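Colleague: So TrEMBL lists these for the protein:
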- 6-163: domain 'EXPERA' (DOMAIN)
- 7-24: transmembrane segment (TRANSMEM)
- 68-93: transmembrane segment (TRANSMEM)
- 99-128: transmembrane segment (TRANSMEM)
- 149-168: transmembrane segment (TRANSMEM)
């Protein structure tokens with residue numbers, strides 16, 4: 001793996017994304033009592049600071065918008081992406097070229113699920129605190145919007161690179 005720097009980057013990305021998914025993205029699916037305090041506190045801090053309405057909706061904190069499509073993407077993350085992380089990590093570690101089609105499919109499909117989220121963040125307006133408390137969808141500061149966009153952009157770019165590189169390798 002150390003002789004294949006791009007594969008090493010991909011391996012580290014899959015490890016990172018696996019832990020982010022299990023300990024952060026999946027938190028709304030777990031009984032609150034089972035989540036260790038520091039992880040729950042980090043999740044709460046992120047929602048407070050970013051006002052990430054996708055994650056807040058999954059956690060039942062936002063009810064004023066229909067995010068059925070995002071909930072479908074979240075189920076997709078559990079049943080397709082998480083197992084793909086593990087298989088991809090093992091395949092990359094062992095230099096198993098047979099894992100390339102899976103990684104290409106993972107990269108393309110995950111890229112396509114992240115793009116609508118980033119676009120939604122970019123078109124969501126900055127609103128007043130009063131509008132926010134009335135249930136209007138929006139960010140109350142440009143920093144919140146930026147935090148949400150950048151939280152999703154890194155995995156989006158990595159997934160695009162994975163899809164292109166692994167497709168090229170095939």
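The backbone N, Cα and C atoms fix where each Cβ goes, glycine too.
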Colleague: Checking distant contacts: for the transmembrane segment (149-168), what same-chain residues at least six beyond its ends satisfy Cβ-Cβ under 8 A?
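Modeller: Counting only partners 6 or more residues beyond its ends, the transmembrane segment (149-168) has Cβ contacts under 8 Å with 6, 10, 13, 17, 50, 52, 100-101, 103-104, 106-108, 110-111, 114-115, 117-118, 121-122.
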Colleague: Please report, as numbers and ranges, the same-chain residues at least 6 past the borders of the transmembrane segment (68-93) whose CB is under 8 Å from any CB of it.
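Modeller: For the transmembrane segment (68-93), the list is 1, 7, 10-11, 14-15, 17-18, 21-22, 25-26, 29, 54, 57-58, 99, 102-103, 105-106, 109-110, 113, 116-117.
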